[in-house]
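Asker: Mind having a look at this structure? Questions to follow.
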Amino acid sequence: MIVYVLNGPNLGRLGTREPDVYGATTYDDLVGLCVETGSELGLEVTVRQTDHEGELVGWLHEAADAGAPVVLNAGAWTHYSIAVRDAAAQLRAPWIEVHISNVYARESFRHHSVLSDIATGVIAGLGVDGYRLALRWVADNIR
Ligand code: DQA
């Protein structure tokens, strides 16, 4: 089964970006971790990152058309992008919203997500392990 792991703006800078908040794992490490976890679980994981909103919208359309599950860290778009929400609403398979940091322990503008109420589930604050846990859930619950 193909699973899309889609990342929004600034997540390509993991490792150098605010390491006190997001940890030392680089984006390349994250890709490796997701692909490796996927192969352990029998999933074919495609990991992507973009700083361009339309590109993420296009990838969500692709996942919707494929009927594929998605692990989505939309970064800052989480908090305000109705375009990303509308694209995610078209997904036919379960999808999981992931945040590396605990957004509820941070600035108040991060407490609201325009995605959470339509996501299958949400994982926040567990670092990059959140991606691993999301993939594990997909492997255990979708066949
Ligand atoms: C984030 C949290 C968002 O508030 C922030 O804009 C990000 C990353 C996280 O993974 O913790 O870019 O989604």
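Every residue gets a Cβ built from N, Cα and C, even glycine.
Nobody curates TrEMBL annotations by hand; they come from automatic prediction.
According to TrEMBL, the protein carries these features:
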ACT_SITE  Tyr22  active site, proton acceptor
ACT_SITE  His99  active site, proton donor
BINDING   Asn73, His79, Asp86, Ile100, Ser101, Arg110  substrate binding site
SITE      Arg17  site 'Transition state stabilizer'
Asker: If you count, for each of the binding-site residues Asn73, Ser101, the other Cβ atoms lying within 10 Å of its Cβ, which residue has the minimum?
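Answerer: Selected from the binding-site residues Asn73, Ser101 on minimum Cβ neighbours within 10 Å: Ser101.
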Asker: Rounded to a whole angstrom, what is the C-alpha distance between Arg17 (site 'Transition state stabilizer') and Asn73 (substrate binding site)?
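Answerer: It is 15 Å, counting Cα to Cα.
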Asker: Sorted by position, what residues of the same chain at least six away from the residue listed as 'active site, proton donor' have a C-beta under 8 A from it?
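Answerer: The list for the residue listed as 'active site, proton donor' reads Asn73, Thr78, Val122, Ile123, Ala124, Gly125, Gly130, given in order along the sequence.
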Asker: How many neighbouring Cβ atoms, not counting its own, are there within 10 Å of the Cβ of Tyr22 (active site, proton acceptor)?
Answerer: 19
Asker: Can you list which of these recorded positions (Asn73, Asp86, His99, Ser101) have a Cβ closer than 6 Å to ligand 1?
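Answerer: Listed by sequence, the hits are Asn73, His99, Ser101.
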Asker: For Ile100 (substrate binding site), which residues in the same chain are close in space, meaning a Cβ under 8 Å from its Cβ, but six or more apart along the sequence?
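Answerer: Set apart from Ile100 (substrate binding site) by at least 6 residues yet with Cβ under 8 Å, we have Leu14, Val21, Tyr22, Gly23, Asn73, Leu126, Gly127, Val128, Gly130.
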Asker: Should Ile100 (substrate binding site) be counted as helix, strand, or coil on the basis of DSSP?
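Answerer: In three-state terms, Ile100 (substrate binding site) counts as coil.
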Asker: Would you mind pulling the longest C-alpha to C-alpha span across Asn73, His79, Asp86, Ile100, Ser101, Arg110, which the record has binding substrate, in angstrom?
Answerer: 24
Asker: Taking the Cβ of His79 (substrate binding site) as centre, how many other Cβ atoms lie within 10 Å?
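Answerer: Excluding its own Cβ, His79 (substrate binding site) sees 16 Cβ atoms within 10 Å.
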Asker: Quick one, of the recorded positions Arg17, Arg110, which Cβ has the fewest other Cβ within 10 Å?
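Answerer: Looking at the recorded positions Arg17, Arg110, the Cβ with the fewest others within 10 Å is that of Arg17.
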Asker: Secondary structure at Arg17 (site 'Transition state stabilizer') (DSSP, helix/strand/coil)?
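Answerer: Note: Arg17 (site 'Transition state stabilizer') is coil by DSSP, not helix or strand.
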